[in-house]
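Chemist: Pulled the feature table from TrEMBL, pasting it below:
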- 130, 325: substrate binding site (BINDING)
- 235-361: domain 'Alanine racemase C-terminal' (DOMAIN)
- 31: N6-(pyridoxal phosphate)lysine (MOD_RES)
Ligand SMILES: *Cc1c(COP(=O)(O)O)cnc(C)c1O
């Protein structure tokens with residue numbers, strides 16, 4: 001039995017904390033099933049707390065929101081040139097991202113066919129190399145952009161590639177380039193609509209870059225790849241149980257690769273939670289693969305040396321040895337615990353298997 005507990009009070013506090021940090025519109029990013037919180041429940045909580053502009057990565061996520069009765073603004077963060085998708089986007093009143101000539105033609109055609117005006121946000125690629133017009137490219141399309149009668153530009157945005165790092169200069173360069181592109185559009189008679197570039201890290205670190213809106217995802221969960229000095233609580237607790245006990249003599253090895261050896265008689269408990277459930281996934285990424293250590297070198301380096309603990313009956317119990325696919329082994333020496341007792345583990349909901357039941361308490 002496993003349940004992902006989402007503490008509603010803490011989540012609401014995080015939402016308030018985020019709203020208080022800015023006078024710009026907060027666009028709540030709900031990709032990945034609402035960062036694993038459950039997209040519908042999370043969207044409902046956000047709406048109740050005054051955030052009514054959403055963004056998603058996939059059309060299917062936007063459709064889930066519409067099917068559940070959400071009439072809020074939804075920005076689809078992926079630019080698409082597929083006609084079938086464009087029709088669904090437009091007919092469901094989803095704000096399309098237009099990041100290429102192809103996608104703008106496709107969206108405009110779909111809107112014309114449906115006899116409506118499609119609301120879109122233009123995407124500028126200021127250095128991420130994914131969706132968006134390159135700055136040098138958009139200059140050539142001013143007149144084309146103005147020619148689309150069934151498309152209204154309600155916003156213009158870009159995405160930062162280094163907001164989590166101490167690379168302020170690179171962030172500033174992308175920001176400056178974005179502003180330059182927006183100015184170019186305006187000077188050529190194109191209304192850019194609202195401007196936005198910040199994701200969670202940039203939103204927290206660079207107040208001067210908030211512009212008209214900020215796109216916030218991970219900050220709602222207080223799980224950000226920068227030091228959390230913003231008063232955001234970590235959301236996500238996995239609830240499981242002790243299913244087995246055993247007393248091991250001293251000098252016994254525990255787990256794969258013999259990384260742990262008991263120094264005394266040790267009472268161990270087994271908890272049926274592992275990588276499969278998303279537990280410790282962030283940890284392996286940082287701990288065991290050199291190339292990932294290098295890749296995530298900007299993260300809190302201290303973290304991957306840290307011991308990991310779970311909570312049993314209000315006490316901290318240390319995880320012994322490596323986490324495996326289905327189970328963890330915990331040290332219950334000196335802890336009053338029985339088979340079936342509840343075990344609480346810190347987990348990032350975005351990595352938590354979708355089959356694990358979510359409970360918002
Ligand atoms: C995921 C995403 C965000 C939100 O990122 P966080 O760092 O989780 O806040 C914002 N903008 C775009 C384009 C994204 O893909």
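Here the Cβ of each residue, glycine as well, is placed from N, Cα and C on the backbone.
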Chemist: Of 31, 130, the recorded positions given in the record, which has the fewest other CB atoms within 10 A of its CB?
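Modeler: So among 31, 130, the recorded positions given, the one with the fewest Cβ atoms within 10 Å is 130.
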Chemist: Helix, strand or coil by DSSP: which one applies to residue 31 (N6-(pyridoxal phosphate)lysine)?
Modeler: helix
Chemist: Tell me the Cα distance separating the residue listed as 'N6-(pyridoxal phosphate)lysine' from residue 130 (substrate binding site), rounded to the nearest angstrom.
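Modeler: On Cα coordinates alone, these residues lie 17 Å apart.
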Chemist: Looking only at Cβ atoms, how many others are within 10 Å of the one on residue 325 (substrate binding site)?
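Modeler: For residue 325 (substrate binding site), the count of other Cβ atoms within 10 Å is 9.
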